[in-house]
Amino acid sequence: MAAKPEKKRKRAPGPKSEGAKSDHKKPKVFGSNIPNKVSKKPFKSPGKEHLQHAGKPKVQKGDVDDKKLRRLQAKELTEARKKKRKKHYTLEQELALLWEKMRVRDITKEDRSKHVSEALKKMTGKIPEIASSHVSSRVLQTCVKHCTQDERDAVFTELRPHFIALISNTYAVHLVTKMLDNASKKQLAEFISSLHGHVASLLRQMVGSLVIEHAYNLGSATQKQALLMELYSPELQLFKDLVTMKETRLVDVISKLQLQKSSVLRHMTSVLQPILEKGILDHSIVHRALMEYLTVAGESSAADVIQHLSGSGLVRVIHTKDGSRLGVLCVKHGNAKERKKIIKGIKGHIDKIAHDRFGSMVLVCILSIVDDTKLISKIIIKELRGNLKELILDQNGRRPFLQLLHPNCPRYFSPDDLTSMSLSIPSIRNKAESDTNSKGGEAVEEDRSGEGETSDTSIHLNEGSKKDSFTRRQELLVNSGLAEKLIDACCEMAGELLRSKFGKEIVYEVATGGADGILHPTLDEKLATLHEAIVSLAMQPKLDDAEEEHILEHFHSSRTIRKLVLDCPAFASTLWEKALKGKCATWVKGHSSKVVNAFLETSNSMIKELAKEELQPLVDSGLLRLPVAGESIKND
């Protein structure tokens with residue numbers, strides 16, 4: 001086929017010349033609606049924004065009015081639908097306006113009281129219906145907080161028949177907790193009584209469990225026990241008069257009421273298993289129920305509980321007394337895999353746990369029992385080192401370090417703390433004892449009389465570990481580099497730590513080398529540096545106008561230095577030679593006299609002979625008084 005001739009493109013005609021014939025058709029030019037005038041501005045190609053809107057018609061004023069009208073119509077339609085769907089929609093709008101007035105900060109009490117009374121007057125008779133609303137429940141909370149006692153009593157009376165329904169509502173639950181915070185003893189008792197038969201079902205709900213926990217924390221010991229006992233058996237849930245007994249332990253309740261242990265276990269399993277599966281682990285009533293459950297549970301049931309708690313969820317448990325004990329039991333009776341999950345689960349929370357009164361005991365338990373020292377050093381020791389200076393000054397934060405330096409010392413751990421460490425699950429412990437007997441070993445029997453409680457406690461403190469205690473401590477304290485960091489921190493903060501009520505004990509344990517000489521001989525040079533740092537503070541002259549007390553005259557530091565003189569001969573000789581020799585007459589009055597007296601009280605004959613020549617004249621003249629036998633112990 002022959003190629004078609006190429007069509008020539010038509011060009012727009014230029015400006016008309018004289019004598020040229022005018023064309024009846026005007027050329028099509030971009031923006032032809034613009035008047036035909038020569039523009040003085042240079043031509044610019046259309047940008048992206050122009051190209052996007054090219055071809056769209058300009059919005060006229062009439063179009064804008066139509067859009068506003070359509071929006072208003074849509075808004076009116078929405079309002080009409082809300083009024084139809086919500087019974088008290090108009091009332092809620094009025095209450096919202098009053099709420100904005102009553103909750104401002106700079107309002108007077110009279111004006112707020114006036115707005116509160118007006119809002120309560122509008123809500124009277126409708127409070128249970130509107131309490132579940134997102135808006136009006138907030139208004140009610142503010143009213144309950146600022147209203148008079150008579151008005152609060154009226155709201156409580158109106159809500160009383162509807163408490164169970166309101167507890168399960170996402171918005172009304174906050175109103176109920178606010179009512180409990182401001183309730184009288186009689187009202188609190190009425191509320192707890194209204195919960196009878198519903199405690200177990202409400203604890204399985206994320207929202208309802210918040211109110212049960214709130215009531216449990218506010219209630220008396222008897223009221224707490226009444227709430228708790230409903231979780232034990234169906235009989236206690238059905239018959240209200242049975243929950244008023246004085247027995248608190250589940251074992252005693254079963255014995256007193258002659259309940260079937262298997263029935264109790266089935267009921268508690270049906271209650272607690274959904275709670276564990278849903279992860280409702282923050283509440284102290286749940287922790288208490290789990291502790292009681294473990295006292296009667298079989299080996300497999302107890303192992304299931306430990307498996308559920310082992311992991312990151314344990315962080316939410318160990319902030320209460322019973323929760324901390326649950327954590328100790330999980331560490332003590334968990335297998336290697338579960339212990340690993342626990343340690344990895346608390347990663348990133350070590351600092352917060354160490355500062356907590358109860359959580360710190362779980363860290364102490366891990367350091368005392370778990371044999372995987374590499375994992376502990378990698379996670380726990382690493383995080384403890386990161387905030388070392390703050391922790392050693394904290395009452396709870398210092399506990400993990402003291403446990404490594406001097407394990408289970410009753411000077412640093414209360415009897416309740418040591419009891420928590422010695423707890424065990426009866427079914428698992430009995431199995432372990434029977435296995436020991438079958439292998440020819442001697443089983444440890446629990447002293448029921450209570451006379452052997454101390455010895456039994458000491459036996460069970462490190463139950464669940466195979467590695468030697470001294471070896472574990474050495475790996476965690478010395479080999480990990482933690483001890484070196486501790487000594488450096490003590491040298492840097494010697495004055496602050498010695499004057500601190502809690503930090504002084506860290507200095508004492510580090511300076512003496514720890515129990516069983518754990519820091520000797522590896523860190524002897526470092527310890528000598530610490531001794532020098534303390535002595536350098538004692539060498540400072542005594543000034544009457546000093547900003548802070550001298551290290552030998554301060555209440556806490558003088559007693560700590562005295563103990564160091566008695567228990568650490570290396571420190572005592574350094575202190576005498578560099579700080580006290582020839583200056584003892586300056587320090588024979590006040591708290592500093594205890595330090596000087598320590599050189600005569602020490603059992604080390606070399607240290608005693610070192611100071612006797614200078615101190616004996618002071619004793620003879622009456623300036624220095626030797627303590628009576630037993631007085632030094634009392635002063636400590």
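Think of each number as a place in line: the chain as shown, counted from 1.
Just so you know, glycine gets a Cβ as well, placed from its N, Cα and C.
Positions annotated as region 'Disordered' by TrEMBL: 1-69, 429-467. Among the features that TrEMBL reports, compositional bias 'Basic residues' is placed at 1-13. According to TrEMBL, the compositional bias 'Basic and acidic residues' annotation covers 60-69. As annotated by TrEMBL, domain 'PUM-HD' applies to 100-452. Marked as repeat 'Pumilio' by TrEMBL: 122-157, 158-193, 345-382.
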Other parts of the chain folded back onto the repeat 'Pumilio' (122-157), taken as Cβ under 8 Å at six or more residues beyond its ends:
86-88, 91-92, 94-96, 98-99, 102-103, 112-113, 116, 166, 169, 171-172, 174-175, 178-179, 182-183, 187
May I have the DSSP-based helix, strand and coil counts for the residues of the repeat 'Pumilio' (122-157)?
26 helix, 0 strand, 10 coil
Composition by DSSP (helix, strand, coil) of residues within the repeat 'Pumilio' (158-193):
29 helix, 0 strand, 7 coil
Can you break down the repeat 'Pumilio' (345-382) into helix, strand and coil residue counts using DSSP?
28 helix, 0 strand, 10 coil
